[in-house]
Ligand code: S3P
């Protein structure tokens, strides 16, 4: 496979795109279905590298998982207490969600397991899950004082792990979900409080599988469960984090008009829509409907002139994965865009604040990197450059849109887009005039 791709300048983006399945919901649908005891058919599952890591881990834990000719994923779990000891290490690849959510499930199991990931995941912080899961009675050991994977999870010394009341130091759906999943196997309830509400797909899926969830402000509580009640079918909405590249691309490239079909618009994920609208984007939300517990819609976006804005506070977790592409939007906007309170970006697949400033910087952009954000004064003139994705899917795709909107770009290691959006570059090619 080619190690790099060149995006040359062309006209506007037009047509309609079926947005591929949501990554967060795809992970959760396989994990939950694997813990149920009746078959579940997952439609519009995201067959991207991250979600396939989850499939492979759940298979090693005993779930029967198969894809049919229509690309539906059939999962037959062995019940909440039916997972078996894996014969080998569970490899989460590049996927933090796989690793952290699975750790929550595994501390409740009466067997030994070992989890690892690729070079990026092996350098990402794990204390954030190890601390609460250990408070629950989990027996976790890992590299460098259990701050990094590989980690091993021993059979708990107690009959059952315990629930906890836990205040998280950061807003993180992965940490929250790990504790929620562990609580299913605990002797008592848990209450988790975050500084701001992060994505709530786990809470919605718990309800879909018959578990009562209580929410108040930024807190969520659940009680242990003896059984999950599978819904039979899960229809995964399109991923707004993938749609984000087209929302920004069609906004900043003149003479664009795109329809994005079947996009998840769960309010804990729509920070990008709020920010782009505030900046002056022309986006309409059409055909709103529910897909199970998740809200979806079609989004129509046309080119528009943008102005700078400030992005901080409670909206950050609602657009955490969209900051690289929003930085590209800011380069084409009039005036200053200030992003702050986004220090979590430093511990994503790569340090995304550094990657955005350095790689867009190679294209001529002047971006000030702060400890917790970025300052971008637009509009800026961009040149063709050779850039590196840092093997981070969202950096690769943000660079592609930046190049398509200016004088082009060569992206080294562009194939990492497969981690969340396998057809991204083919789709880009097909919608350019
Ligand atoms: C995710 C949560 C977010 C997000 C990640 C997916 C999830 O991470 O960045 O891409 O599926 O729960 P944090 O919860 O660590 O912020």
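Glycine is no exception: its Cβ is also placed from the backbone N, Cα and C atoms.
When the candidates 60, 141, 348 are compared with the 3-phosphoshikimate site entry in TrEMBL, which names 23, 24, 28, 172, 174, 321, the shared residue is 348. Over all protein chains present, the Cβ of residue 96 (phosphoenolpyruvate binding site) has 21 other Cβ atoms lying within 10 Å. Using a 10 angstroms CA-CA radius around residue 124 (phosphoenolpyruvate binding site), the recorded positions that qualify from 23, 172, 174, 321, 348 are 348. Residue 174 (3-phosphoshikimate binding site) sits 18 Å from residue 394 (phosphoenolpyruvate binding site), taking the Cα positions as reference.
Within its own chain, residue 321 (active site, proton acceptor) has 241, 244, 348, 394 as residues 6 or more apart in sequence whose C-beta sits under 8 angstroms from its own. Taken in sequence order, the recorded positions 24, 124, 172, 321, 394 that lie near ligand 1, meaning a CB under 6 Å from one of its atoms, are 24, 172, 321. Taking each of the binding-site residues 24, 172, 174 in turn and counting other Cβ atoms within 10 Å of its Cβ gives the largest count for 24.
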